[in-house]
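Pulled from TrEMBL:
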type	residues	note
DOMAIN	2-333	domain 'Amino acid transporter transmembrane'
TRANSMEM	20-45	transmembrane segment
TRANSMEM	51-70	transmembrane segment
TRANSMEM	82-102	transmembrane segment
TRANSMEM	122-141	transmembrane segment
TRANSMEM	162-182	transmembrane segment
TRANSMEM	202-226	transmembrane segment
TRANSMEM	254-274	transmembrane segment
TRANSMEM	280-298	transmembrane segment
TRANSMEM	310-333	transmembrane segment
Amino acid sequence: MATDILGPGWGKYYIGPIQFLVCFGAVIACILLAGQSMKAIYLLANPGGTIKLYVFVAIFGVFMVILAQLPSFHSLRHVNLISLLLCLAYSFCAVAGSVYLGNSDKAPPKDYSITGDAQNRVFGVFNAIAIIATTFGNGIIPEIQATVAAPVTGKMFRGLCLCYAVVVTTFFSVAISGYWAVGNQAQGTLLSNFMVDGAAVIPEWLLLVTQLFTLLQLSAMGVVYLQPTNEVLEGLFSDAKQGQYAARNVAPRLASRTAAVALATTVAAMVPFFGDMNSLIGAFGFLPLDFAVPAVFYNVTFKPSKKGVVFWLNTAIAVVFSALAVTASVAAVRQIALDAKTYKLFANV
């Protein structure tokens, strides 16, 4: 769209790189979170275990290398359905765990006040907005899929209805129950609150099931978000005149996908701050792509009257969310710098 509406330079040097970095950032986040889930399962089986987080990140990275060899996005259609079911399953488990923890004497004292000085609160707000943008930015996926074949409008509406039905059922229920249970003691991921000093504070079987569902879901997500990277690399190294299973294409596909997953795994192990990654992805990618850019596209394509409300509403949206993206990017980088002072590279968090 950027190429057709604004010119090839915008598509090649602005939209394309952002989309690529957002998707690759999501792969890094999936690998990191999967490593954390594997470590939690390990501690359930072996309380007091000493294996570091980066070891589990590396193990999941090897598993991702195998999954990454699925040849195309079309081959992942069944993975997407399984992913939806897993999303519903682990969300309901997380809600059940939150309700249990909130009613037990193992829960931290409920404190819903906002902590920190004024500066940290302001940056924290922008950080949170970026994380929210990352979370809800996934709604763009059914819109893209709906435009592949006609008719577009009806399918897009049904796809978005399904998407936001899942959002309300999962995101809202987990956020509300989790915040009710732990208040401002909530960690980067809710599941981290279900273990204190390596011991489960909810029934171990429930935590184990939740972590397993999460691990499987992250496997599916990581493979899906890796596809754009695969397309770019194979466009450079493959021969389109030969089949996808020809030796000429299999070898570079195996090498490029393995290298991409290895790079993502290394970054995940080096900088294990899941919340910080989410905020950076949201600020740098989802805020401009989901809010600012579509408003510009509409004005350029349909050229609404400058005397009308639509033109100025779109202009206001583009300006506000562009400014928000810049500010949130600063807040995200600042938070990463602060956490880097607290934790060293390859930290065992």
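Placed from the backbone N, Cα and C atoms, the Cβ positions cover glycine too.
Between the transmembrane segment (20-45) and the transmembrane segment (82-102) there are fewer than 3 Cβ pairs closer than 8 Å, counting only pairs 6 or more residues apart in sequence, which means the two stretches are not in contact. Of the candidate ranges 82-102, 162-182, 202-226, 254-274, 162-182 contributes the most Cβ pairs within a distance under 8 Å of the transmembrane segment (122-141). For the transmembrane segment (162-182), the residues of the chain that approach it from at least six positions outside its boundaries are 84, 87-88, 91-92, 94-95, 98-99, 101-102, 107-108, 110, 112, 135-136, 138-139, 141-142, 190, 193, judged by C-beta separation under 8 angstroms. Within the same chain, the transmembrane segment (51-70) packs against the transmembrane segment (254-274): three or more Cβ pairs sit under 8 Å, each pair at least 6 residues apart.
Within its own chain, the transmembrane segment (82-102) is flanked in space by residues 110, 166, 169-171, 173-174, 177-178, 180-182, 190-191, 193-194, 201-203, 206-207, 209-210, 213-214, 216-217, 220-221, 224, which lie at least six positions past its ends and keep a Cβ under 8 Å from the stretch.
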